[in-house]
């Protein structure tokens, strides 16, 4: 557990105590909005986290999503200013209400190499985590073994965590590791339950270390070959979130 002095410091750093609730509301409420707009039937979404089975042979599939323009941004490299703001591992800082997801996909086929890129959501509908499986793995092959690594600006909300867990349980040939800059609303019981569900489904959850930020900067950011100058409390914040995640997971 974090020491008392650190917790007091954290509380002082909260510029807007209500910002986290607003952010949580955006992420949670918009997810609920999506489940009821005709794209994913609510009954099926509740049963399996948005992942449905083929009616003929029971084969698992991720329901295709029709995404309006500008909801999900997909690209090769992130703007450096956006990265420095969105990935900064502070707690409850206002304005960080998006998810940036940088991904690496290895199918074991050296001829194809690694699939690399990033997704950014506008929280107007689908979240980056669920969009990954339809936009980045549209040609999913059950015969291949997928090793997937995500570097995300914040850990998944409870809805996304449930959907990811269902995918991993149905597609046992996918091994997913998630490195998160921050824990999203980690005090909430439903968020903690979602993280434990991910862990139980075989997902490896980690907090990004200072070295991970530098790696992500070099690999996924339009950095113009400039090195990343880490913020002063990066290591302290990593240790704080690392302790919180250790308390949550079994």
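Even glycines carry a Cβ here, placed using N, Cα and C.
Where the annotation comes from TrEMBL, it is an automatic prediction and has not been curated.
Pulled from TrEMBL, these are the features on record:
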- 1-56: region 'Disordered' (REGION)
- 14-37: compositional bias 'Basic and acidic residues' (COMPBIAS)
- 38-56: compositional bias 'Low complexity' (COMPBIAS)
- 78-197: domain 'CMP/dCMP-type deaminase' (DOMAIN)
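Note on the domain 'CMP/dCMP-type deaminase' (78-197): DSSP counts are 37 helix, 29 strand, 54 coil.
In the predicted model, the domain 'CMP/dCMP-type deaminase' (78-197) has a mean pLDDT of 89.
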